[in-house]
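Feature annotations, courtesy of TrEMBL:
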type	residues	note
TRANSMEM	6-27	transmembrane segment
TRANSMEM	39-59	transmembrane segment
TRANSMEM	79-98	transmembrane segment
TRANSMEM	118-141	transmembrane segment
TRANSMEM	161-184	transmembrane segment
REGION	191-213	region 'Disordered'
COMPBIAS	200-213	compositional bias 'Polar residues'
Amino acid sequence: MANSGIQLLGFFLSLVGIVGLIVGTVLPQWKMSAYIGDNIITAVAMYQGLWMSCAFQSTGQLQCKIYDSILQLDSSLQATRALMIVGIIVSVAGLGVACMGMKCTTCGGSDKLRKSRIAMIGGIILLIGGLCAIVACSWFAHNVIRAFYNPYTPVNTKFEFGAAIFIAWGGALLDVLGGAMLAASCPRKKQVSRYPNMPGSRSSPPSSNKEYV
């Protein structure tokens, strides 16, 4: 049977990964203004996230504005939003399923084989959720890199990676790692011998040691 310690480790890694996904999705620092070339004005730092854009002034003031209309957003940003939300929802559902199949819980019944299979299904669901988040982060990062190296992009409008995308990346990787540990908890079936026992191999009844007079 699967080791319960591996299940616990996978569960907590997935839990930390989901928290990282939620924090990374909410934070606005997905990309920040890049100071390159003649752009030496550092009094205001611009941040853009999935839900809002912020301006951080050198005086310590932070002003944020939520995007007014979803339809006015870029299609890639809308897709990133959708993938991150789907990844979080699927990961939370997978964590709940895996919790029912862990050895240290009793909500999945007393059948150990059945519980291990439930934990494996939960791990697979966690893998799907983590992969959705990885695709979303990688797609967003690709668009940032492409716009940064585009010669037609003005210097004062170029952005680089912010802290939130790295948090989301880390959370997605932890989610995938924890899901893989839970998915590997399914026990292997015992191999049954195809050949019946030979008559000669049967143990003979114990001989009587009684002495007769």
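Backbone N, Cα and C define each Cβ position, glycine as well.
All TrEMBL annotations are machine predictions without curation.
Nonlocal intrachain contacts for the transmembrane segment (118-141), taken as residues 6+ away from its ends with a CB within less than 8 angstroms of a stretch CB, comprise 2, 7, 10, 14, 17, 21, 30-31, 76-77, 79-80, 83-84, 86-102, 108, 161, 165, 168-169, 171-176, 178-186. Remote same-chain residues near the transmembrane segment (79-98) are listed as 7, 10-11, 14-15, 17-18, 21-22, 24-25, 50-51, 118-119, 121-133, 135-137, 139-140, 168, 172, 175, 179, 182 (criterion: CB distance under 8 Å, separation of at least six residues from the stretch ends).
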